[in-house]
Amino acid sequence: MEKGLTLPQDCRDFVHSLKMRSKYALFLVFVVIVFVFIEKENKIISRVSDKLKQIPQALADANSTDPALILAENASLLSLSELDSAFSQLQSRLRNLSLQLGVEPAMEAAGEEEEEQRKEEEPPRPAVAGPRRHVLLMATTRTGSSFVGEFFNQQGNIFYLFEPLWHIERTVSFEPGGANAAGSALVYRDVLKQLFLCDLYVLEHFITPLPEDHLTQFMFRRGSSRSLCEDPVCTPFVKKVFEKYHCKNRRCGPLNVTLAAEACRRKEHMALKAVRIRQLEFLQPLAEDPRLDLRVIQLVRDPRAVLASRMVAFAGKYKTWKKWLDDEGQDGLREEEVQRLRGNCESIRLSAELGLRQPAWLRGRYMLVRYEDVARGPLQKAREMYRFAGIPLTPQVEDWIQKNTQAAHDGSGIYSTQKNSSEQFEKWRFSMPFKLAQVVQAACGPAMRLFGYKLARDAAALTNRSVSLLEERGTFWVT
C-alpha cells in the first residue's frame, strides 16, 4: 500500500483549531454587526417616537391625523416603516396646516418680519377694519345737519338715527361748572357707543315716560328716521294711542325698541347725527374699539349764519340779543352772552384742529365739511362723504338730492330739509344787522379764520353779493 504525504498530527490539530476559530470569529462579527444595526434602528425609532410624542394632540386633531398611527394601544412603538410613514404624513399635513394659518417657513417668516417692520415705519393708512361702517355726523344746532343727515337717511342699507342723544340731555342733570361739559360728554359717548352696537335699549333709561315692554310713543323725531318708520319696525297703527313724534308718510303703532334693534343689526351700516357731542377727543375710545369702524364727519357753518338762524328758531333763548339790537342806546351786550358765543366757537375750533392734526387714533376717520360747500355742490359733497365713509352711494340718494336741493321755494318749517341750497346759504347776509355781525366776528375770529370765513369790513360788504365771504379750500378737509 502506497503511503501518501501526511501532515504531522500537530499540524492537523492546528489547522482544525484555526478553522473552528474562524467560524466562531465570523459568527461573532456577524453578531456584532447585527447588534450595531439594531442599536441604530432603535435610536432612529426612539427619535421619531419622541418627535411624535412632543406634538400636541390638538394639532393631530386639527389636521385629522389618526392617533393610532402615532402610538399603539399599549403605548409600544410601531415598526420603523410604519413610524416613517406616519411621521411623513404628519409632517406633510402640518405643512398644509401652517400654510392655511398663514405660518410660513423660516425664510418666509423672516421676510414677513422685515415687511411688517417696513409697514410700521410707514404712516398709518385709513382704517379698513370691516365692511360695516359707523358714521357720526357731528355738528351744532342750525348748521344744516338735518339737511346733510338726509344724505345718509335716504340710503336703504344704512340704519339712521336722528338726534338720539336729545333724550339724555333732557333726562341727565349735571352740577354747574367746568365738570358739566366733561361729565355730559362722557355720558353721551357711552350711550353713543351702545347705539352704534345696535343696543337701542340703552335709550329706554332716558325716555320719559319710561317705555313699557320696550314700547314707546315718545322717541324724539322718529319720523326723521326712515329706519324707524319702515317694515317691520312700523307695526300696525293703534287707535286712541297718542304718539308725540309720529312717522311722516305712514301711520305706525308705538315704537317697538326690540324690532328697531333687530333692524339696526340687519342693516349694512349705521349712521346718526348728534349736535350734543362737542369735544372730539372724547371719541377716542370709540375710534379704538375693535367692534366699531368709526367715521366722524364734522359739519361747520359760518357762525354769523348760525347765530342769525338760532335767533329765529330759538327766539325765547335770544331775547337778550334782540333787546340789545332794538335798543337805540349805548348799552352793550351782556358779557356772559358774548362769552357763551365765544365758548361755542372755540369748542368747534379745537375739535377741528384736533382732527386736522391727524393723530394716529383718528387718521382716516375724520372729515371736516363746511355747510356752504354742501349747499353749493350737494351731490359732489355727498359723493365725497360717502367715499370717505367707504360706503357706495346709491342712485336713490342721488335722486333725493337732485329733487330736494333745487326746489323753487324752501320747504315749510325751520327744520325743513327741502331747500334751494345754492341760494339759501347766504340769505342771512341780507337780514343780519352789521353790529351783530361785528360781535360774532370779534368773538369767533379764530374759528372763522380756520374754516375760511372772511370778515365783513362794513355793512356794504356784508350785503354785497359780489363780495364773497367764503375762502376756497382744497381737499385737506379729509384726513
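Each residue, glycine too, has its Cβ placed from N, Cα and C.
As recorded in Swiss-Prot:
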CARBOHYD  ASN63  N-linked glycosylation site
CARBOHYD  ASN74  N-linked glycosylation site
CARBOHYD  ASN96  N-linked glycosylation site
CARBOHYD  ASN256  N-linked glycosylation site
CARBOHYD  ASN420  N-linked glycosylation site
CARBOHYD  ASN464  N-linked glycosylation site
TOPO_DOM  1-20  topological domain 'Cytoplasmic'
TOPO_DOM  39-479  topological domain 'Lumenal'
TRANSMEM  21-38  transmembrane segment
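Over the topological domain 'Lumenal' (39-479), the average per-residue pLDDT in this prediction is 81. For the glycosylation sites ASN256, ASN464, the greatest number of Cβ atoms within 10 Å around a candidate Cβ is found at ASN256.
In the three-state DSSP reading, ASN464 (N-linked glycosylation site) counts as coil.
Look at ASN256 (N-linked glycosylation site): DSSP puts it in a strand. For ASN464 (N-linked glycosylation site) paired with ASN256 (N-linked glycosylation site), the C-alpha to C-alpha distance reads 52 Å.
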